[in-house]
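First up is the structure itself, then whatever we jot down about it.
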Amino acid sequence: FDLRGRSFNKALHWSDPQMFGPRAYFVTVSKPAALTLDSVQLDDEAIYLCRVDFKTTPTRNFAINLTVIVPPYQLLLYDNSGRNVSGAIGPLVEGSDLILKCEVRGGRPTPTVSWFMNERMVEGQLEAIGNHVMVNRLEVNGVTRDHLNSTFKCQASNTKLVMPYEKTVHLELLLRPLSVLIISKPRQLVANEDISVQCEVTGSRPKALVTWTRDNRPFRRGKVLEEGNETSVISTITFVPVPEDDGSIFKCVGENPQLTGVGLEDSFKLNVVYPPQVALHLGSTLNPEDIKEGDDVYFECNIKANPKQHKITWYHDGTLVTQNMSSGIIISAQSLVLQGVTRWQSGAYTCLAANPRGETVSSPVVLRVRYAPVCSRDNDITVIGASLDESLRVRCQVSADPADVTFLWQFNNSGESFDVAPARFATSSGNMSELVYTPASQRDYGTLTCWGRNSIGKQTEPCVFQVVPAAKPSPLTNCTLRTVSNQTEIVEVECRAGYDGGLPQHFVLEAYDAHSKRLRLNFSVPETDSPVFRLDLGELLPAPTSLRILVYAQNAKGRSEKLVLEDIMLNDAEKRTDGSNNMNLVPLAGLLTGSLLTLGMAVLVIVVVAVRRKRECDGRLHCPHHLNIDASKQNSKTRQGSMLEINTGDNRYVVAYTLKPASDCAPTLPPPPTLISSPPDPRRQPDILNTPRGADTTPPGLSRPDDLFSSPAELGNRHQLNCGSPTLFSTLASPSSCDMNNTLGRSRPRPRENSYPNFATTRRDHIIADTIPGPESCV
């Protein structure tokens, strides 16, 4: 660029034609000015010298090194077999290995070759072939359905000045079906009525091929309709079931048409209900043309029915045939035996079979008796509770034809599933297998399934045994005794249920006569959170004066501890008659007059006794009284306080007590020293509710419960209670302060009968108290 002797706009430009020619020129428009070189070639790479000459200033020189980059000029993709890949790879079979090679030719400096799967860089094996060829090998082991339509991109680049050179392909796969499901398996089909069954096959690529089979043979009856898309197909078959279909295995099979041996299936057993199909035959060993009088003849009635027939009836010339062994007419199962036939037994014989679907009469079979007359006469889930280390014998019995059955046991829980080794079970007969199973930890509780297989096929639905933790149930708690409104003869006992032990439980109430100790009531109620027992006292004849009520829970593992309601007094028992309503008005009037006089005298006596009681009790600690409870009048104001409820832990105790006149405060039996250690008060009754003896009037058929009442041998080993006087319900004898082994809520021995004859021999919970809310009392 020469400015000598010229203006800037008229400077001379010159380029060596042997070097650049018109490809190089000096651009003065840009700031700063620059040398521009078009269509750079590899030969242009060199060190360029910029020299500037001035008139009055020294010359300046600048050296610039130009590096020329040559991008790659070719990129090829190959599969493992060496075929050029373009657009799509495959289709490959699910689970196979994918191998891709990316070959890049040319490029200076050597280009970088990279693989990207779904736009994410993945590592391959890079190797150089020759001076100007680079190969990157990518390998994906065991492709899954998640790789379907994945993109694989090979990229080659040796400069940021231009876009990388790249090629992209996507992966095609052949996928086996993921699931085959019969959407709604009918539990019952009616013969000769249309039924539609749907089967859904998902996950196959390309579209699945759906086939229907019966007993592993193609099912060609009916009409099949298919709908869906590339990955999901719904096949609907509509057909009319016939009796011959009953018991067969109906199966839906889904397969990938391009893959063999990887199909899935779902099946169920056809349960076709239909009226009996009856065919009557003469005995196969008999020659119908050679039956003579005195011969033995038998008929066979062949019946096919679902549900199974519940009645088979035989007829001779339209007349009912009944069994008469003395006459030689024997009816057994589906056979009719005629012993010593006579000519009178000749005629047409039929058999009739009935099930819930209807009745069917066989075609008649004519019996011809030669030379003598003939006499005609003619079957979801089992829950098993088990404790740890308890050995269970689980029996799996199936019906199969043929009966040569092989078994498979499986165990499943929320965390694992495995087959049971054949050594753990044995097949005792053709259709029964027994497994000895012992749960050793909580993980061993789960589901045992038993599968049977014979020559027909595998059992569709397994026998299921649910193994759950099991124990005896917990006792009932919070029991409350009350009368029913407007029904003084009805008493209810309501409790709260405890833990059921892992098994279904029910609740039992037993009511005993507190005097005679005989069982008067015994009934149960089904499982519920709050069981309620209703006792109809009017049905107890003769009526007891007091009852001892026991309630407990029971399951397959046994009974819970029994909760005892001690001596429930029934003072109105004598008012319950035997149900007779015949009454004369004159005795009724006399009785009413006498009752009024008695009531007046009773009021006067109560006032006098109350005044005397107040005077006598002012200076002493106790003046106990005995209050009789009337279970039928608990809601009466005059009976308030006649029953106490004591709660301790989860147990509730009902205590009955009786008011006695003040004159009875002087004890007829001093408190035994072994029961209360403090000096006996001469005016106090012992703090134990006595149970009077009654005549042994147990009704026939009701026995004495040995587990509830003590035997004479037990009475000689009674524990004795030796404690200081407790405060109001707050101090109960404990092992640390008293010599006894039982606690509140469990059976505790009573004093010796021969030492304290007023005590009943029943076991009970002793509750000791100084005072009771309301009237002072002896408990």
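Even glycines carry a Cβ here, placed using N, Cα and C.
A TrEMBL annotation is a machine prediction, not a hand-curated record.
The domain 'Ig-like' annotation in TrEMBL covers 71-170 (among others).
Annotated domain 'Ig-like' per TrEMBL: 177-271 (among others), in sequence order. Residues of the domain 'Ig-like' (177-271) grouped by DSSP class, helix first, strand second and coil last, total 3 helix, 50 strand, 42 coil.
Among the features that TrEMBL reports, domain 'Ig-like' is placed at 276-362 (among others). Sorting the domain 'Ig-like' (276-362) by DSSP state (H, G, I as helix; E, B as strand; all else coil) yields 6 helix, 49 strand, 32 coil.
The domain 'Ig-like' annotation in TrEMBL covers 364-450 (among others).
Annotation source TrEMBL lists transmembrane segment at 585-611.
Residues annotated as region 'Disordered' in TrEMBL: 664-712 (among others).
The region 'Disordered' feature in TrEMBL is assigned to 732-758 (among others).
Under the heading compositional bias 'Polar residues', TrEMBL lists 732-745.
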Per DSSP, what is the helix/strand/coil residue tally across the domain 'Ig-like' (71-170)?
3 helix, 62 strand, 35 coil
In the predicted model, what is the mean pLDDT computed over the domain 'Ig-like' (71-170)?
88
